[in-house]
Structure formats: structure tokens, C-alpha cells
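Engineer: Below you will find the structure I want to go over with you.
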2 protein chains.
Amino acid sequence: MEAYLSAPSRPSVTLSEFSGRRVCQTKRNDSLLGARGRFAPGTWERVVLGRRGGSRTVSRLPQVRATATAGVSLVKPKQTGNAFADLCINSIRFLAVDAVEKANSGHPGAPMGQAPLAFTLWDKYLRFNPKNPNWVNRDRFVLSCGHGSMLQYALLYLYGYDQPTMDDIKTFCEFGSCATSHPENFLLPGVEVTTGPLGSGVAQAVGLAIAEAHLGAMFNTPEEKLIDHYTYFIMSDGCMQEGVAAEAASLAGHLGLGKLIGFFDDNKITYDGPTDLAFSEDVVSRFKSYNWQVISIADGNTDIDNISKAIEEAQKDLTRPSLIIVPTTIGFGSPKHANKRTAHGEPFGSDEVKATRENLGWKYAPFEVPEEVLKHCRRKIQEGARLEQEWNELLQRYKSKHPEQAALFERMVIRKEKSPGWEKALKDCAAKTGSMATRQVSGAMLNALAAVMPEIIGGSADLAPSNNTLLKGFGDFSRNNYKAKNMRFGVREAAMTAITAGIKLHNTGLFPYCATFLIFTDYARGMLRLAALSEAGITFITTHDSVALGEDGPTHQPIEHLASLRAMPNVYTFRPCDANECAAGYALSIRHDDKVVLLALTRQKTNKLETSSYDGALRGAYVVSDNSPAGKHPDVILIGTGSEVDVVVEAADQLRTSDALNVRVVSMPCMELFEDQDAAYQESVLPAAVPRSRRVVCEAASSFGWSKYADHFVCIDRFGASGKGPDLMKYFGITPSNVAKKAREAAGKGV
Amino acid sequence: MEAYLSAPSRPSVTLSEFSGRRVCQTKRNDSLLGARGRFAPGTWERVVLGRRGGSRTVSRLPQVRATATAGVSLVKPKQTGNAFADLCINSIRFLAVDAVEKANSGHPGAPMGQAPLAFTLWDKYLRFNPKNPNWVNRDRFVLSCGHGSMLQYALLYLYGYDQPTMDDIKTFCEFGSCATSHPENFLLPGVEVTTGPLGSGVAQAVGLAIAEAHLGAMFNTPEEKLIDHYTYFIMSDGCMQEGVAAEAASLAGHLGLGKLIGFFDDNKITYDGPTDLAFSEDVVSRFKSYNWQVISIADGNTDIDNISKAIEEAQKDLTRPSLIIVPTTIGFGSPKHANKRTAHGEPFGSDEVKATRENLGWKYAPFEVPEEVLKHCRRKIQEGARLEQEWNELLQRYKSKHPEQAALFERMVIRKEKSPGWEKALKDCAAKTGSMATRQVSGAMLNALAAVMPEIIGGSADLAPSNNTLLKGFGDFSRNNYKAKNMRFGVREAAMTAITAGIKLHNTGLFPYCATFLIFTDYARGMLRLAALSEAGITFITTHDSVALGEDGPTHQPIEHLASLRAMPNVYTFRPCDANECAAGYALSIRHDDKVVLLALTRQKTNKLETSSYDGALRGAYVVSDNSPAGKHPDVILIGTGSEVDVVVEAADQLRTSDALNVRVVSMPCMELFEDQDAAYQESVLPAAVPRSRRVVCEAASSFGWSKYADHFVCIDRFGASGKGPDLMKYFGITPSNVAKKAREAAGKGV
């Protein structure tokens, strides 16, 4: 049960029941402090302040004596006091309650608590065109706590988007519905980014805000601000605990992303129960320490006026991102579940749905939205059309004044066409690039691309000189230079990845990349997968791709990473052997806006092959050489990737010379891409007549997954070691002579 | 070049050159603020405060006018002023410089900056016995910025550990040396945990401190504190940026781990360059917001007295962890590299090594340690022996007063023997457990184990009710109850994993587990790998292991996770089909202290098989049923894991009945374990006479990696979808009829 105290002497005091304890919150020194005590039912006495956050900000409040007066209701919680606003807010709440109830799945609690803040934001501030969810200059909205997806669906429905329809909402969570358990951008226009994994939305929102800042700096003039919008997100207690959100918030503060505005739905309940089981941060101080403006609302259930004021205050500070802390009640209005973990992931059951209706005075049938609410909200259809129309006029003015920039804007941002010349740039670069580490090749190609592709932007997680990812002459993206193209992500691989996905999902033609050592994709894996699922076709540059990196040892030497990335859907794991193949890797990424392309590059030098092929690499695998007589199949096939193509080429030379074997060498930079090819092409490279028993794979990595193509492996199925690269390659047996030995066995020629 | 200003009117002001800018730092309001300006060489004027940290704590300092006086030296940096301390400190520095130089690899900069703080800690405070690195009650020391490993090797050598020897140090980074590029606990006693991936050491240190607190609560009496030690760590700017460190620090503050003391080596340089490229947090506020005591040192290069005071202050506060912020100069003493990113990962070259020797007044030959330093430091051999002797006497008193507890202590903590009865508990539990979700089975088994294994401790990343990981009646581990056994990790998967590894690597007999959904191992993957590499045999419980989890949709449905975990060395990925196999999974983990065992468990009910086998499961795979006549091989073999064993069993029934086929059903809960078995056993389960072309694998996950055992798959090679579990299994084709169809094809019986 929920109780509110109108205490004139303490206007911001809220009392509520909280897993058996009565909680008092009061605004003090700009931050919300929690005060807890035990109370007799209906009576509120001896409120003693408990610990919350840093010890410095915690102090003992004077004792408060409060009794259940007319202002306190244990049954009918106080709502906003604005009858029409309550009607709208409860429309959101009951769409969530009814949909979850019908689906017998989903999370009703969060939408019930977040409805007032979300309504305030969407109704008064969010700029969008419901009939064109892709309008370029719309505000972006991200629900980082994606399990409360019904909040977003209710908003999209009320405000006049074509999807979800009421039928979609009625089939919430059912197979085939676009109203899925978590918002999925690839199913539902109006959903900017996919969320669910906690914290991910915060980081993706930072990416959206970076894209906005960068495009604004690229295109805006003082008179024509073509790209000028806010990015809003809602984060939960769970998001607040995830490291990825901390990384992203720190970088956002560093970059001073003033148009990024977050709401912290501070309901103090996570899945396990009260947050104080595991969390007692002073969130206000923490976000201030990141250089955020922090604004605290006293009561997010009732105080929509202050939510409005907070949004306006947040909008005004263009030098810092803002976090608005909104204490809400999870499951607001449910007599049984409010403020309890049971509001989190359980449907209420029909009795409790009924009781909640009574408690909030909701007289409408399931899925019924009051006419006046719909009418009010759908004014946004006209408003949104007008906003877009005004923006179109702005674009026309811009075109007449800045025709060249406008042409770029239209091609890149509107039509999302890649800049012409990228393929020539890649091929030219490949042609003039000799034998060198593929990470160096990659650096040259990135710079070649940057010269012709203004849409490029990206960087590394503090390994730029090692990853060779710096774009020379393009500056460091910073609070003072949003036009610059080198992102400095800091040592924050997870946030980097989600931010890069967010830049891509801004869906304005940018071509973002990020980079780290291959091993440290492990830090980013959750966000990498989310990018792949979200069809955010980012380019992920990884270097130091095998034990050949040498001295840094097993903590830095990838073994299972290629396999584990190949196993991930919607990712092309691309391991080029030289410049021609590296160019193909970039081409693959430029061509596929909806696929993650991960390049695995060497630290050490590799040879440029005379017979390596851009076109062949773009089919995933191809024949590098074959000394079999015409019409005859080879005795053995040697398959290599990346730096190990050199190894199999040398092994093939040995076998052809010393053993008079017919040997085919296949380079397979991208297994997944090869599997996309038709059966005839696959057969032309790996004929069934040369079965797996006569094929050898060499890759300085786990053999896991290679059984599909060969029975013999020169691979590494254990952790690495410290030592010089060449010594390690020898120690782990990644040598031409070992490949040749296995090949002789495979060819039945003895050892 | 480095310059120091002795300004009597501003005792805490430090001026230093910082990538071309001169930096002024001053202590103000308990926090260090940076002031930057440009200065004429040798002159320090018009110091203007730049932005650092939250805007609230930044203000404009009065202008400072300072000229190069006697107190300022651009060439000879001020050292501690204590000649003998400098001798010791420089011994550490030059071991690092000389080793890195000889290896032509490694990071000299961090050890040179950290030497004063590390010397102060090790010399005056750290309690250890060099001749018994495993003495149970030693203080734990963790170098989270593991790339500065030479610091730790120098300390171990100076203070009299048997390893590394001087020869080891001279072969730093060479293949076979125990002085590897990053500290590796599995190579070198005295290294508590393996570090290198940034931030990981902070989280592992939290685990060590939790183990200390828990064992203290289990065993200590007011008179006999058997387990009573500090855990110290050093973290770098890079560690400070990683999300895993943020998660761990937040939890440590929440838990009030007062014996955890960290040093932040605040040298403001990361690999890319000055930290202000990507980082401008107010670290003081941030850690205070986590409920840490924060102590700032003005100058970590010179002020070892204040470092001492800070350590003592940190030791005194037993209610909060402490962070000591120590501004240091990376590459201290190197004329060319000090305060530059080049100090980070590059050997100096002989000229610069010479110049550094001159600059610091170091007269000794490479790898030469002054006699008096060795003599001084190695007093710790005697001291350490005495400490352990005193502790042994304490243990004797404890034994006489508390014989029962002492017996447990000796068995568990000293001898590290598992509690007797665990296997009976598992088998009894399996016997009485019927058909249910394997996550429920697991919950029952954890509780059965907890009843007989006082060494158990663990929990979930805020999914305890879903992961079924709560130990009933054992309380929540909290600042008020360190004896409790349920860890509440919060939504912090990465920190949870590293913390759990840290508990294990406390090496005192604890049996720690952690838990989340299988999908969210992605957040933890880097730390999971590190645990595997470190031979930290934790039990990782994952539930909701396939699309059958249903409505939560593709963000929550693992596809590639089983494959990507099977590819990881030193991990047993164990997917039981029922209670007998689940018991085997736990047994596997209990038996292997050096292997990560990851259990993949269902959300949905599975059938308990009549023929499932604990012993069979402990061989990784076994025959569940086979209707072939004696001495005949089956026509087809169906292989299933986990919930899909039910599917293949039903398919086999169909094939035997309708198609009169001889069908073998194999359950393979653990591919890696099966691969550990001898060839004869493997042949007995999967005979070569029934080749892959006559085998079908069914697993509701990626087929990646299964080609080793079969050519036919009923698997899922794409992302999941929202919907009801059974509907999804049907949609993705994970059905007995699909398996039967593939089996008919495999058996050559047409469709």
C-alpha cells in the first residue's frame, strides 16, 4: 500500500511503504535522501534517516511526527492533481497492465511508475512526427530499461504512430507481434534502439547524442540548424548498476553532450527486491562527478509540474548532459504490488487488475482509451507534420544558400548513400600497400576512406596508436570540436561498442567504427551482440589477433575469439591476409549497413600475396593457388586465414616441391560470408571430391568450428603464453612444416 | 622534464610538465584540482585552473606567480628527501627499467611512478611471509594495472620471495620466464590474481576482501582473529575508466569492506596520451558516492610520509573501503618519457636509460641492487616467519578452545578439502527430484550442498529468484552480516564474475558460485575468461539457456553462447538434461578447483530420464538408449544436450517404432569433458563405424562447433524471437519430428 503525506511544513516529504518499511524521502541540499523507520499502521512517527549514498551527504534529519491525516491515503494514492493529466497517465498505465495481463508475460511495474514522467516528456517536449518516425531531426527517445516496453508501445499508440496498432498491443509478447517483450528497432519504427540488456540504452543514447552533435557541427550554420534535437532516455535502478552505463555516462560528461537528457526512474526496486540489497550509491554525487547536471524531483508520481521544470532546466544547459532523478513507485496504483519486486515481472491476475482499477479510479474496459485522451494526444499528428514541414522549408533555404553542403546532406543524411569513390580509394590504397601488418594496412585504408567519405567517424578504446585507427588531420572529437572525427572512447570497450551502434542507429548516413585488441571484444561482447541483433552495421576493428602478438601473454592473446564471433549471428568476422583482402573487409562493411563487420588484424607483418583477391575475399573464401593439372582435383587442400595464409602458402610450396603433391591453397578471410555463397561457388572452392579428411586448416586460434571444413588442424586449443611472437608460433606449432606434416597424413603419404 | 615547486605559501602545489603543458595541482577542499596553463621555460606564471571533474568542484584559483627558484629543478626531479628510501625506491625503478630494456618489451613507466607508494606499503605495512607465499592470513596485494608487472616482480625479489629470481627478472617477458608481461597467479606464487585486462584487479580484490570478511565472520572469536588481514590494490587511470571497476567499487562501498584499501595511481596518462582526451571525472566525488573513504596525497613521487599517514588512516576506518589517490609521474626520472605516453609501453633505449640513471643519481649497474637495500628489505624474511609463527600459535590456542571449529578450519582453509558428504547430498537430491526445470533442480542441489558444505558462498546478479540460487536460511551477505552466504551482486555481471574468482583465489577453501541468465554471460565474458585462465575454479550458474525461455525475446535468448563457451579453454560448459546430470555438473565443479564449470540450465520443465546417468554425465557424454542388436552398430545416432535430450528421446521412439531403425541416443552434457576421455571410451559412445553422416545433433542453439560429431543438425543459427517457448521451439524446428526427419535422411531411408 502506498501512502502520501501532505505536510505543509515539509512540502517535499513523501512517505511510502517499502518492503515492510515505511520510507520518508525529502528534498535537501538539492538531493533526495532516504529516511527509513518503522511505523504503526496509519501512523508515521520517529522518522530516522537511514544511510543512502556517500557518508558525507548523509545526515540525521530532525525527527518528524506525522499522523495519518486527511492528506494521507493508504488506499487511493495521490495522483498528479490534474484530472486530465491523470486520465492520460492512467491510459498509459492501463494499456501496460491490460497488455501484460492478457499476454501473461511482461513487466507492468515500470510503465506504471514511469507514466507521469513519460507523459510529460512526450506530451510537452518531445518533437516527433508520428506519421514519419524517420524524420531526420526528430528528438530521440530511448527506453534503456527495455523490459518496460509497454510504456513505449502505449506512447507510440496514443501519439498516433501507425505501429503498434491496438491489435499489436493486444498481442503483446505473442509470436509475430511487433509489440515484443523488449523494444526492437528492427521490428518497430519509432523504436530508435533495441534495449533489454540493462544499461545498453544509456550507452546507445550517448551514441545518438554524439551523432547529433557531429552532424550539427558538420552541417549547421548559425541560421540553419538542420540537425538540432535532444536525445532523451529513461534508465532504471538496474541500468544504474551496470558498468556499461557508468562508462557511457562518464564519456558523455567528458564530452559535454548538453542535448542528452536522462531520466533515472528511481523506484528502488530491482528484480531481487529493494535496491538496498546491493546498491547504496549517492547517485547525485556520482553523476555530478561525471560532469552532469543533476536535477532531483521530489515525487515522480505526482509532481508533473516539477518534471516539466526539470526538463526545461535540462534543455537550457547545453554544456553538460542532464540527469533528472525521478523517484517513482513501481507498480503505482496496485494495492498488492506497488513498491514490491512482484510488480517487476509478474502479471497481476484479474483480481489485482480489478483492484488497481478501483484504486486509481479507472472506469474503462481493458484496452479502452478515453476518446478525449486519444484526441488530445493525436494532435501530435498535425503538430508533427508541421514540425517536419517547417524543417523541410529550412532545408530548402539551406539548399539555396549552401548548395554544395546541401547536396552532401541530402545524399548522406537523407538518402544514406555512401560517398562515391570509396571503392576506388580502397583499391588504390591496396595497390600501393606492400607487405606489412594488416593493422597498418587498415590504418592506411581508414585514412584513404576518410579522404573521400565525410560520413566516417570513429576511434579506439585507448589503443589508437596500436589499432592504427587515427584519422590524420581530422582532430579529436571533444566538447570543443564536435566536427572532429577521431573518437577518444577511453578504456571503455562496452560503452564504445554501444555508442558506435547508437551513432549508426541515428540512421543519418554516418559510417562509424570502433576499435580495440581482439581479446578485449570480451569486454564488449554484450554490446557487440546487441549491435548485431539491432542490425547496426558498425565496423569493429580489432588488432593483435593471435598469440603472434608476443610478449603481452595469455591475458592479451585471443584463442577462442574468432570462433565465438563466427558463431554470433549477423556478424561477419573478417580476417584478411593482406591489403587486397583488407580492402574487401572494408568494402563488405560499407556495403552492408545492417551487419556488424569485425576485422581481425595482425600486430605482425604479413606478406602481400601475388594472388590474393579483393573479389575473392568478398566471397568469403577463394583459391589462392593450385598446382593440380586441369580437370584434376588436388590431393590436399590447405585452408588458412589472416597471417596463417603465409604459413599455408609456404607449406604448399614444400609439399609441391618435396612431395610432388597437388595442393590447393584456400584463403578464407570470412567463413560466414563463404557460407552465404551458392552451393556451386562453395563446391568450386572446396570440392566434395576432396573431403574433409584431405583438408588441413591452419589458424593460430581455436580449432573449434573448423570441423565443418576439415579434419586436420594446425590450431591452438589452449591459452597462450608470454614470449616473442615467432617463438610462440613455433611453440604452438603454427609452422609450415607442421602444416605440411598434417597435409602428408591427410593425403595418405605418411609422415 | 619534471619540475617541482616548493612554494611555502602553497605547500601542496605541484607543477609538472604534461604533454607540452605545465600543470599545477593543488589540494583544495580535500580534492586535487588540476590547473593548467602555458609557461615560459623555467618560469611558472599565470596558472589558470582548468576544468577537471564535476563543475561544482571546479573553480578559479587565484593566479599563482612562481618562478624557478632553488626548489624547482627541471632536470633532477625532487625525490623523497629520504636518501635510504630513495635508494630502495630507485632499486625498484631500475629493476623495472633494466628488465624492460633487456626484454625490449613491457611497461617501464608505471613502476617508476608507483615505486614510492609500493615501497611504502610493502616496507611498512604489508604483512606477508616471503618464504611461504601461501600463508593463510597474509595481506593480499593486487596490481590491477598488470602491465606494470615489473613493479611486483621487483618487490617480490627485494623482499625475499624465492621467485622471481634475478635470473627470472633478467628473462622478463621471455618464453618460459615466470616474470611475464602481466602477473600470472598460475605461474608465480606471491601473485594473488592474474591481471592485465584493466579493472579486473579491482574487482578481484573486492572478492579477496569478501572472502576475508566471510571467513573472519565464520571463524574468528573476539580473542582469536584467525583471518584478519587487509587487501590492497593499485589501480591505474585505465582501471578507473573500465565499467567492471565501477561495478566492483560500488558493491565494495555498499558492503562496507573496511579492510579493502586501494591506491589510485593518478598519473593522468593512458596509452593514447593524457587522460583528458577521454576522462575528466571528479574521482574523489565518485568514490565518495560509492561510500568509500577517499584520501588524497599531494605528491606521490615525493611524499612518502603522507602515503604512510594515508595508509594508516585507511586501515583505521573499518566501516568503508578506502581509496588513496596518489598523483604520480609516469616514467618518473626519465628526461624524455616522464609524463608522456611513450613511458607507457616502450623500452627507453640505452641512451635514455643512461640519462635516467644520471637524472636520478643511480650509480649501479643494470640489475644491480645495493647490498644495503637487499639487507633492509630482506629483514622481512625473518619478520614474515615471525608473523606466521605467531599466527600458528594463535591457531593452536584456537584449537584448544574451539576444537570443532578448528577442525573445520584446518580441513577447509588449510588443507582445502571439500566437506565430506557433498556427493551423497547431490545423489540423494537427484534421487528425490523428479521432472522439473533444471534451474529448479539446481536450486535444490545448491541448498542440499549448503547443508553439508560450510565452504559454499555465492549468489546472482539480481536474478536470484529466477536463477534459483538463494540458499534458504543462510541470510544475505551484507555489511551487517558477513557470515551470511547469499551474495547480492546487483546488476553487475562483470564484477560478479571477477569477484567470485577473487573469492576462489583467496585460496582458503571457499566454494563460490555466481549466476545470471546464460545470455548475460556476455557482460561477464572478459572476467569469465580471466577466471578460466587464472585457474579459478568457480561455479557459474546460468539459466534460461535457450529460445525456450519464451517471451523475453531475442535480447534474452542465447544462441551462440554454448558454442562460444565451449571454445574457451579451461571451461567446462555443462548442460544437464535432468537431476542426475545436474548432480554430475556440481560434482564436476567440486572436483575441479582449477576449472570454471558453467552450468546451462533451462527455464522450462524437462523430463527426468529413467536412463540418465550421473557417472555417464561425468564422462561428458554417454549412451542413454540403443535398440541395436548386440554386436551391431546402430543405423543412426541422435545426440542431444539439456532440454533437447527429451527431443531426441522422443524422436528415437518414433524412428524405432515407425521406421524400425536401430537408433542410439547419446546425451552429451559436456563436450569438453567428453574430449578429455580416452579414445576407447569415445569410440564406445560414438563409434567410427557410425560416421558423422549418420549422426544428428539436436540443440536449441547454434550448430557452430558440432561438425566435429555430426553432419546433421537440428539447431538454431539465427537470433531468436518473442513468443511462447513451445511455439518458438516449433518455429525454430526443435521438434522430435524434425530430428526424426533428419535421422531418416542420415540413415538413407528417405524422407
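Just so you know, the numbers here start at 1 and follow the chain as drawn.
Note that Cβ sites are derived from N, Cα and C of the backbone, with glycine treated the same way.
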Engineer: Which of these, B:His214, B:His337, B:His344, does TrEMBL say binds substrate at the same site as B:His107, B:Arg439, B:Ser466, B:His544, B:Asp552, B:His556, B:Arg603?
Structural biologist: B:His344
Engineer: TrEMBL records B:His147, B:Gly196, B:Pro197, B:Leu198, B:Gly238, B:His344, B:Phe520 as thiamine diphosphate-binding residues. Which of B:Asn220, B:Asn267, B:Asn486 is assigned to the same site?
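Structural biologist: Record source TrEMBL; matching candidate: B:Asn267.
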Engineer: TrEMBL has B:Asn267, B:Ile269 down as binding Mg(2+); which of B:Asp237, B:Asp299, B:Asp303 does it also list for that site?
Structural biologist: B:Asp237
Engineer: What count of other C-beta atoms do you get within 10 angstroms of the C-beta of B:Gly196 (thiamine diphosphate binding site), across all chains shown?
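Structural biologist: Its Cβ shell of radius 10 Å holds 25 other Cβ atoms.
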Engineer: Write out the long-range same-chain contacts of B:His556 (substrate binding site), meaning residues 6 or more apart in sequence whose Cβ is under 8 Å from its Cβ.
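Structural biologist: Residues satisfying the criterion: B:Phe517, B:Ile519, B:His544, B:Leu549, B:Gly720.
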Engineer: Using a 10 Å radius around its CB, how many other CB atoms surround B:His344 (substrate binding site)?
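Structural biologist: Its Cβ has 24 other Cβ atoms within 10 Å.
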Engineer: Of the binding-site residues B:His107, B:Ser466, B:Asp552, which sits closest to B:Gly196 (thiamine diphosphate binding site) by Cα distance?
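Structural biologist: Result for B:Gly196 (thiamine diphosphate binding site): the nearest of the binding-site residues is B:His107.
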Engineer: If you measure from the C-alpha of B:His107 (substrate binding site), which of the recorded positions B:His147, B:Pro197, B:Gly238, B:Glu493 fall inside 10 Å?
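Structural biologist: Those near B:His107 (substrate binding site) - Cα within 10 Å - are B:His147, in sequence order.
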Engineer: From the binding-site residues B:Gly196, B:Arg439, B:Phe520, B:Asp552, B:His556, keep only those with a C-beta under 8 angstroms from any C-beta in chain A, and list them in sequence order.
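Structural biologist: From B:Gly196, B:Arg439, B:Phe520, B:Asp552, B:His556, flagged as close to A: B:Gly196, B:Phe520, B:Asp552, B:His556.
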Engineer: Please report how many Å separate the Cα atom of B:Phe520 (thiamine diphosphate binding site) from that of B:His344 (substrate binding site), as a whole number.
Structural biologist: 33
Engineer: Determine, using Cα-Cα distances only, which of these binding-site residues is closest to B:Arg439 (substrate binding site): B:His147, B:Leu198, B:Asn267.
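Structural biologist: In terms of Cα distance, B:Arg439 (substrate binding site) lies closest to B:Leu198.
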Engineer: B:Asn267, B:Ser466: which of these binding-site residues has the highest Cβ count within 10 Å of its own Cβ?
Structural biologist: B:Asn267
Engineer: Give me the long-range Cβ neighbours of B:Glu493 (active site, proton donor): same chain, 6+ apart, Cβ under 8 Å, in sequence order.
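Structural biologist: Sequence-distant Cβ neighbours: B:Ala461, B:Thr516, B:Phe520, B:Thr521, B:Tyr523, B:Ala524.
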Engineer: Cα-Cα separation of B:His344 (substrate binding site) and B:Pro197 (thiamine diphosphate binding site), in Å?
Structural biologist: 15
Engineer: Averaged over the domain 'Transketolase-like pyrimidine-binding' (B:436-608), what pLDDT does the predicted model reach?
Structural biologist: 98
Engineer: Quick one: pull the CA-CA distance for B:Gly238 (thiamine diphosphate binding site) versus B:Ser466 (substrate binding site), whole Å only.
Structural biologist: 35
Engineer: Give me the largest Cα to Cα distance among B:His107, B:His344, B:Arg439, B:Ser466, B:His544, B:Asp552, B:His556, B:Arg603, the residues the record lists as binding substrate, in Å as a whole number.
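Structural biologist: About 48 Å separates the two most distant Cα atoms.
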Engineer: By CA-CA distance, flag whichever of B:His147, B:Leu198, B:Asn267 among the binding-site residues is nearest to B:Arg603 (substrate binding site).
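Structural biologist: Considering only the listed binding-site residues, the nearest one is B:Leu198.
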